[in-house]
């Protein structure tokens with residue numbers, strides 16, 4: 001009784017939500033993401049006025065939209081990070097079901113915006129690309145299946161998830177959207193690798209790819225010409241790649257100056273696929289390296305936090321999300337510097353695009369939710385071992 | 001543990017059963033432990049693989065960053081806003097004459113190109129451009145500017161005024177590419193020697209200048225080598241002599257109504273070409289297009305001095321005379337049968353216009369009056385093989401080695417089947433075609449004291465190397481004496497330039513018909529091959545006129561004595577002082593000697 005009277009702390013069931021969130025979240029990655037978002041707005045200011053002008057809209061129309069969607073994305077991201085892994089999984093499974101159906105419906109009620117590939121649902125004020133949302137949901141669902149297969153007498157989850165991946169890849173290839181298809185396949189492969197793909201399979205796969213490449217290069221003139229054209233130093237200055245290359249060279253180390261860039265006037269995709277060229281031209285190598293460092297930090301830090309993770313589901317899902325995020329950024333920038341053949345892929349958070357930025361927000365939110373500090377049961381382990 | 005695990009639970013289960021406990025709990029515990037163990041292993045494996053993934057990402061991002069760095073460091077291919085001031089350095093070496101006067105140099109200019117994507121008002125641009133450049137087609141420009149093209153060249157070279165006018169259009173889609181162009185400040189002078197240059201690979205920031213003809217092409221590698229940018233190529237040409245020769249030759253060509261003319265002035269000791277003119281000529285700043293049809297010789301690009309091979313007529317007679325003296329089969333005073341006609345099989349050889357120079361004449365007289373019959377007799381004494389050998393030693397068997405890209409096309413035409421008849425006709429200059437430069441080289445070799453020279457367009461820097469001997473000193477001097485007699489007494493009397501003791505030989509050859517089968521009787525190639533001063537020879541001058549004719553002494557004249565000789569005399573009269581030759585006012589002693597010797 002005395003204790004009740006004299007300043008006893010009222011018992012609380014756990015810590016309040018926000019302080020716990022702040023204590024456990026990966027603050028480095030979170031800061032990097034917020035910085036990327038800022039860079040996106042900055043580059044949007046440079047890259048989208050020409051587009052607005054072309055479409056007869058107010059100069060800052062696209063920036064306002066970008067800022068609006070960006071705030072939405074941030075809210076979605078924060079909300080997602082606050083969920084615990086089980087909640088995230090449930091959200092992802094439901095989301096997967098919805099987006100998968102949406103993907104199936106695309107050929108019937110989707111639009112192609114005159115770009116030749118039916119990828120979008122148009123809602124008048126905005127358009128949604130279901131494959132953007134499907135991607136993180138697929139990663140989480142696959143991770144769940146794979147981790148389930150690691151249980152004794154669990155289901156053959158790896159096989160199921162592979163079948164799922166193949167179906168989605170097929171659907172995406174039909175649109176056609178080979179970029180997203182490759183990304184889906186890649187995230188599945190990375191998760192399978194971490195989940196314990198047999199080494200013999202990996203080695204034989206690598207040998208097979210090298211052999212196929214050699215044979216194709218030697219026997220198919222078409223293939224050889226494509227590769228040679230890609231490898232050659234010469235670049236036609238009148239192609240998108242040529243403009244991008246030129247913009248990077250123009251920019252040099254410190255750029256030509258804010259608003260002085262020219263490439264945004266020549267490149268139709270300056271605000272999406274070639275945003276990095278705009279960055280390189282106006283702000284120079286300095287900003288480009290900073291952007292690369294931001295992406296690198298997010299990916300590498302997330303992976304290193306996942307190395308400590310004991311729950312196989314969380315580990316796999318986090319790996320898939322982090323790698324998909326990193327590879328998407330890498331492909332986008334690799335195209336601009338001609339390390340990779342041209343492929344339409346946005347730079348997460350930086351490129352313009354409503355549904356893309358919200359989907360990225362959700363995906364990264366999931367990732368941050370998975371990389372939060374949580375008890376890893378080391379002491380329990382030790383006790384168990386002692387007990388034997 | 002993995003070995004022992006299955007054993008112990010069984011014992012425990014049996015134990016538990018004995019005690020009446022439920023064995024399922026032990027079974028579950030066992031399962032949990034195995035599961036735990038499996039998870040541990042998979043976690044360790046995952047840890048390693050995640051590390052590998054992290055490294056891969058680091059490397060990949062690093063590669064992209066490095067690549068960005070390299071690209072940012074590189075020179076942009078198309079300067080737009082930032083790098084207008086990229087300097088273009090004078091890279092192609094200049095070409096100068098023997099006194100250092102500029103024959104070819106570089107000029108900074110700009111090319112005009114368009115980026116239609118950036119163009120604001122294509123129609124206005126096209127209108128204004130057509131005003132500045134009337135040769136452009138307005139409809140074509142509008143089509144290009146409004147079509148899908150993203151880049152096009154409009155003009156390769158702009159004058160500063162034109163550039164300003166384009167500037168004043170003020171359209172951001174019209175852009176300038178700085179570059180160097182080759183400039184020939186002397187215009188048509190020495191056009192065939194210099195040849196010309198054009199743009200090779202063209203970029204927006206600069207363009208490659210490559211030689212297309214003449215020494216520009218022959219010395220392209222030297223001229224393009226950046227190491228030689230400060231070392232101009234010095235030719236043997238003398239600009240003043242070249243200018244004078246061209247002026248006189250052009251005048252003579254106009255007066256005589258010739259369709260072409262060429263002159264070569266050569267330093268006979270070194271083989272350096274001091275002046276070489278071929279008319280009609282062209283402006284190397286604006287090279288005409290090569291002919292696609294018809295005869296190459298009809299194009300002004302054709303270098304008659306080097307590429308044109310002609311039957312050079314009686315100018316060849318001195319070779320027969322010199323060889324006869326060298327071989328000892330005849331001396332200057334040996335009497336030669338000159339009774340026309342000379343019959344050989346069913347052919348007969350007569351003199352020009354049916355003349356006759358009496359039954360016999362001395363060798364000197366044969367040259368002086370240009371007797372075909374006499375020369376043929378001399379050639380017969382020499383014989384086929386010795387004549388071939390001698391002409392070969394004078395360079396008549398192959399293209400001249402002069403440093404022009406066109407030289408290799410000036411191959412002499414030799415008889416396919418060199419019979420004795422060929423020897424007879426070749427001795428007076430028919431049946432063998434050679435370029436005027438061949439003749440200049442042969443005259444130089446024969447008359448400079450008898451040593452072979454090689455024609456060159458490059459100024460000699462050191463002392464002249466003496467070539468292989470073709471005739472003795474004495475024969476060389478005697479040949480000059482005979483040629484001097486041609487001027488003082490014979491067919492080239494118009495060629496006597498006071499104070500310069502000109503010696504030389506005329507040659508008038510009927511032109512062969514183009515489609516074969518005989519010769520024209522009203523079209524000739526008139527040549528005067530001369531050397532001056534004859535007592536101390538310095539230069540050889542060859543003048544060749546293509547189809548000249550002039551009214552002289554009441555009748556139409558075509559012979560070299562009436563056409564080529566006066567032109568050559570005028571050239572010598574004007575050029576010799578320019579070359580620093582002192583006129584010999586006192587009568588040359590050699591003249592006296594030759595006169596007394598022949599009398």
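Cβ from N, Cα, C; glycine included.
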Which range of A:59-79, A:122-142 is transmembrane segment, per TrEMBL: A:59-79
Contact call for the transmembrane segment (A:349-370) against the transmembrane segment (A:59-79), three or more Cβ pairs under 8 Å: yes
Within-chain partners of the transmembrane segment (A:28-47) [C-beta distance under 8 Å, separation at least 6 from its ends]: 60, 62-63, 66-67, 70, 73-74, 77, 81, 258-259, 261, 264, 270-271, 275, 278-279, 282, 287, 290-291, 294-295, 297-298, 301-302, 348-352, 357, 364, 367-368, 371
For the transmembrane segment (A:159-178), distant same-chain residues with Cβ under 8 A (at least six beyond the ends): 100, 103-104, 106-107, 117-119, 131, 134, 138, 141-142, 145-146, 184-185, 188, 191-192, 343
